[in-house]
Amino acid sequence: MAEHGGLHSMCLNKVDCHSSSTLSSSSEQEGEIFTKLKVSLTEDYPQKNAEILSGQYGTNLLLIGVSLMLVIGNNGASVKEEHLLSFITTLIIVQLLWMMWYIVRRGMQSNLQAEKDVHATTSWIKGGLTLLALLSLIMDAFNIGYFVGYRSCLSAVLVVYPIIHATHTMAQVHFLWFHIKDVIKSFETFERFGVIHAVFTNLLLWCSGVMSEANHLLNHHNTRLTALGLENLTMVDMEPHCNCTISACSVFVNGLYYLYPFNIEYHIFVSVMLFVMWKNIGRTIDLQHNRKRLATKTQGLVVGPILGLAALASTIGVLVVYIIHVEESLDIRESTIAIFYYYGIVMLVLMCSAGVTGLLIYRADPMPMDTTKNPSRKLDTELLFGSSVGSWLISWCSVVAVSASRSSPSYRWTNLMYSLLSILEKYIQNLFIIESLYRQPEDAEREDAEREDAEVAGPAPEIFSMTSSLSPPYNGIINQAYENPDNGCVTLENVQKESGQVNGCPQKHLEVPRQVENNVEVTPSKKSQILKNIAVFLFMCNISLWILPAFGCRPQYDNGLEEETFGFTTWTTVLNFAMPITLFYRMHSVACLFEVFRRV
């Protein structure tokens with residue numbers, strides 16, 4: 001018994017041994033469960049839920065800012081613009097500190113090669129954002145000049161904010177150029193909160209710009225109606241209660257509202273790019289599909305650019321005519337609005353035709369779909385659909401207003417046709433863009449085909465071998481004469497062909513795979529040329545349809561049909577909500593169509 005010490009010495013019968021082993025196994029299971037619970041609470045829990053926690057944090061930041069904006073929009077005496085700007089400035093400073101910490105930490109890890117997502121952005125998108133950032137800096141300079149002119153009656157916050165905003169713009173552009181493609185694999189929970197803070201800070205800046213622009217347009221609309229004697233509305237006094245001390249105050253005031261659209265688009269695009277970075281945190285990159293595309297060829301681009309430039313030129317003409325004549329007499333006003341609708345109908349018909357042509361080409365010549373995981377492409381698809389809602393809401397309200405209105409101006413039925421075509425055009429354009437983005441690029445398909453051919457054909461022949469073109473290597477050594485000196489069957493350039501033999505050896509007819517010469521440039525097919533022209537034309541048309549509402553050409557405010565049907569308050573609320581989303585849809589379509597042009 002002594003030699004069977006331990007647990008066996010206490011096992012007097014089978015029942016005792018069984019109960020002891022059961023207790024031992026149960027205690028081990030409890031220990032394992034406790035260990036797993038401890039690990040899940042300390043490690044897995046924050047990693048699995050960091051996305052939800054950070055998303056809730058950012059959403060509440062945005063809602064706080066929107067709440068302050070709603071109070072200011074109602075001209076409440078308890079909350080002033082200075083309070084909102086102080087809140088936004090605090091958020092900007094926090095983002096600046098986070099970006100500084102990230103850049104310094106990334107610089108300390110320069111010896112480690114960070115993973116990159118090449119699809120997160122492109123150089124042309126970063127270049128466009130840099131241009132928008134420069135215009136935003138000009139807007140900040142105008143705000144500083146505006147404060148200098150009215151410094152005797154304005155709060156110091158109104159000059160601190162543009163200075164901080166300008167610093168934030170320059171630092172953020174640097175961050176986007178050098179770090180937006182990073183796939184973060186360390187400090188993931190903390191970085192999620194930092195990136196989402198930057199996302200919602202830019203969204204709040206976008207909302208602030210939208211609110212300022214909407215207030216300006218609404219006040220200008222009320223002034224126009226009062227001057228025409230159509231309404232007797234109360235205008236909000238937006239000028240400071242003191243005299244300007246410099247002569248350029250009017251330039252600063254008027255210039256700000258022409259720069260707001262660029263600042264608004266800058267912040268919403270930065271939000272989208274940072275959101276892609278947030279989705280990439282902790283992601284495993286598929287190296288096979290994480291490759292840069294080949295250079296885009298531009299042969300055959302004639303019809304698309306010509307039609308696009310014609311559309312852009314006509315857009316500038318319509319904008320000038322609308323701004324000049326919409327404030328004149330009632331008859332001229334109606335004619336001006338009718339001109340806009342005629343122009344819009346022609347543009348939308350051409351855009352629908354181009355989109356349908358592109359879809360028919362895809363149906364006639366189907367290509368394999370690209371099903372690889374790509375957060376940037378998925379977000380583009382979701383934003384196309386989501387931002388279409390704003391335009392669809394305005395269009396369906398116009399359809400209801402035209403059908404229900406008792407008045408019958410000259411542009412009534414053209415308004416109906418324009419609204420229906422706006423709905424149809426977005427259906428078709430969204431289908432064309434999404435199908436183009438999800439089709440496998442031709443360069444990738446060609447590379448896959450060449451890779452398959454190489455696998456079937458076997459290894460390529462040696463370059464510097466004299467025998468490589470006629471006979472395969474022997475035991476890994478190419479010079480067979482050196483390997484077997486007694487063997488007279490060698491294949492040199494001075495061969496003699498007699499009776500089907502080479503130097504007394506039977507001649508072997510080997511099939512050598514044909515090699516594609518690298519210096520031969522493959523011209524794009526007719527299908528690709530047509531698709532590229534369609535993409536360029538739609539690209540220019542979407543820029544045109546962004547320019548008109550961005551710079552004040554908004555007949556939805558001026559035609560009176562929707563306002564008569566829904567009421568002034570309800571209709572202006574709909575426009576203030578839907579119009580910024582519509583503007584974002586056009587600019588986002590521009591970015592997607594350029595990507596389509598590069599992929600075709």
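Backbone N, Cα and C define each Cβ position, glycine as well.
Just so you know, TrEMBL annotations never went through curation; they're auto-generated.
Away from its own ends, the transmembrane segment (57-77) comes close to residues 83-84, 87-88, 91, 193, 196-197, 199-201, 203-204, 207-208, 211, 215, 236 of its chain (Cβ-Cβ under 8 Å, at least six residues beyond either end). The feature transmembrane segment is assigned by TrEMBL to 57-77 (among others).
The annotation transmembrane segment is assigned in TrEMBL to 83-104 (among others). Remote same-chain residues near the transmembrane segment (83-104) are listed as 61, 64-65, 68-69, 72, 157-158, 160-161, 164-165, 167-168, 171-172, 175, 179, 191, 194, 197-198, 201, 204-205, 208 (criterion: CB distance under 8 Å, separation of at least six residues from the stretch ends).
What TrEMBL records for 124-148 (among others) is transmembrane segment.
Taken from TrEMBL, the feature transmembrane segment applies to 154-178 (among others).
Residues or ranges marked as transmembrane segment in TrEMBL: 190-211 (among others).
Feature annotation from TrEMBL assigns transmembrane segment to 264-281 (among others).
Below 8 angstroms of C-beta separation, residues 336, 339-340, 343, 347, 350, 529, 532-537, 539-541, 543-545, 547-548, 551-553, 555 of the same chain, each at least six residues beyond the ends of the transmembrane segment (301-324), sit close to that stretch. Feature annotation from TrEMBL assigns transmembrane segment to 301-324 (among others).
Sequence annotations record features per position, and here TrEMBL assigns transmembrane segment to 339-362 (among others).
The transmembrane segment feature in TrEMBL is assigned to 383-404 (among others). Residues 272, 412-413, 415-416, 418-420, 422-423, 426, 430, 433-434, 556, 561-562, 564-566, 571, 574-575, 577-582, 584-585, 588-589, 592 of the same chain lie 6+ residues outside the transmembrane segment (383-404) yet bring a C-beta within less than 8 angstroms of a C-beta in it.
If you look up TrEMBL, you'll see 534-557 (among others) marked as transmembrane segment.
Under the heading transmembrane segment, TrEMBL lists 577-597 (among others).
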Residues outside the transmembrane segment (577-597) whose C-beta sits under 8 Å from one of its C-beta atoms, at least 6 past its ends, are 122, 124-125, 128, 206, 210, 214, 261, 264-265, 268-269, 272, 296, 380, 383-384, 387-391, 393-394, 426, 429, 432-433, 436-437, 531-532, 535-536, 538-539, 542-543, 545-546, 549-550, 554, 556
